[in-house]
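Per TrEMBL, active site is recorded for 439, 441, 567, 569. According to TrEMBL, the domain 'ZU5' annotation covers 317-449. The feature domain 'Death' is assigned by TrEMBL to 769-847.
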């Protein structure tokens, strides 16, 4: 993705020229350079060529993953008009898709002279201490330092007297300065997912605080002074080690949400327990013994029951929990279980978890492996435990476990290895893989060929295949000078494996199981004609199969063909009349690793702009369509095509239909997929159209194309995928219906969205146009639900299936309030209450520019009443 963005920028730079392209980024008083790989270089170009305009910039966004960040930081103190500064990391990703922290570790001391700066965002960086210059920003109202490495806050942190929003989530804070209680106007304080063990009583002096988030820490108690926060609406205390909570919290007059899930509360004051908005799930309330519903048995001799943390986080998104020396059991909502025995962690340890979509460039599957789960990442990587931690991972049920086995595979940072795994089938459709580890990294579940292994001593030994006991290996005495571990896998074949290729074989022709081991005794079970017997040798990747019959000495019995070899690889015994069978064997082996699939493209009945794309193995198509038919409609599934496990493919919308290009899985305008036979291979997206749909429907299509071929694919199969024509797979029709009027007005178009023309406010006070709202909506991100609540929308309006979520929420509110003369003020207030001071400042700037244009138009037509007063006002803008 980064390479494609870089190519895009280079092409644009070639067309416009570097100076022109840098100037293109400067819009009014805003500079958004964090979306460019070389944003700092563009900033330096602008500063050199258009210094006067750059010095007037009020809103600036930069990426801290930029190599020229240090040079750029030296210039920032000169931007005296700067109101909002964002220097964020997270724009670059590692091999597993994790956001990489930026390189920012400090700020220039003279940045404390930015008297106009009200909003500072330094998230996803490498700050270990808070830069001292921040304490001199006298106008600062919003400070975000989330996802850094802060261990402590400065003792005089409370000198930021105008601070209304502070977020330090996902750091390593262990305590707080007592001066934090001096932040008299602070409204929102987020200290979640740190290592806090103690909260000072002075927090009770934050009398204007409306939301306090202390979740994901190591708190065993909270101060009674929290009952002084009379303005508090939401208090988040979940995922701590709380054993008690003060009953006085129930008397907070404005409290509407109290999160106490996943603590160690065995009793709660009645005043708290009866609150309608309190959440207590995941606490051992009333328990004196461990819950019988546990993922693992309690170890004999355990002195006291282990706390059970039932996490309600979705496993697709990151989460965390704390482990102490007492041990605990953790149950995630996705079904993953952990058992930390007492003493596994000597000190309290914060564990971070998330699941990732498997990337074929990182997840290297071996021959005939089938992926059965997403990748589970546990941090901190390499954290060593004193005792083994047990992990249980649910996985997709394979078609058959016959002649295959399920294992948990882990990544050490350099290579993957298989863990000793115990498999449990709890219900018909629920399978769980259990393993034990001493350190955390990445984990996934795969189905592989059954692997038999033994240690070969100097005296020799005998190794049998559990798949076919007739296949065995004899290691004679002296075969090795030291004891070695030998592994054997057997890939069993059946007539169905040959498919259409079976017709080219004679009626008497047979193929044995393929095996990758030394001296073999392969079962024959047929009337032997030695002239038809061929022994094939395959390389490790199965690219070639050579007939080595004449190179070895074959001995025959009534049951076995016996031969000797001196090195390990794949061996395959064929009984055929064909002379040259290497090509046939190659095709059969290739087909063993192929899956016949169909593609489906369905549109939601209630919202045709919502499209579901899926690649489904042939035998699953009918059940999948049956589940979807009530909510979706669309064309029949595509014709059958063949794909390999882990093969990449793309979906491209054509014929006037497009998707949002800034999706992380969108590469060069195409949606990226990776085929795994037992995962869903499904994505649901919104599509738009550049074609005017007011008068007619848009008939387009979605085409699927092959992408990168897995490294282990046979060369012949890879060659068939080369060239532009061979990349195309199938095409399915997509139809976007003619737009219907909404809210009783004529429909308009805004980037493909069916919203009517809209202006908020009036000419005299200033307008917010559709384009302004679209820009604001795209910046809301994860805060859109909070903003919706502060705009006065109900939970039902927000939680229902909105057409475009953020956009629809914002425009729905705008339509309902377009006649309200105070609507713009309400929007600004909602942004401030939601902690988005940066957006509020931008709206105020837009409104002020609108007022200026209105005054100028009044002056041009000679209707100005007091020109001196107006000129003075305009000059101050």
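We number each residue from 1, going along the chain as drawn.
Placed from the backbone N, Cα and C atoms, the Cβ positions cover glycine too.
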Exercise for the section: Fewest other Cβ atoms within 10 Å: which of the active-site residues 439, 567 wins that one? Let me know. Expected result: 567
Practice task
Pop the Cα-Cα gap between residue 439 (active site) and residue 569 (active site) into the table, whole Å please.
Solution key: 33
Handout entry: Integer Cα-Cα distance in angstrom, residue 439 (active site) to residue 567 (active site)
Key = 35
Practice task
Could you give me the DSSP helix, strand and coil counts for the domain 'ZU5' (317-449)?
Solution key: 0 helix, 75 strand, 58 coil
Completion exercise
Least surrounded, by Cβ count within 10 Å, of the active-site residues 441, 569 is 569
Exercise for the section: Express the distance between the Cα positions of residue 567 (active site) and residue 441 (active site) as a whole number of Å. Expected result: 34
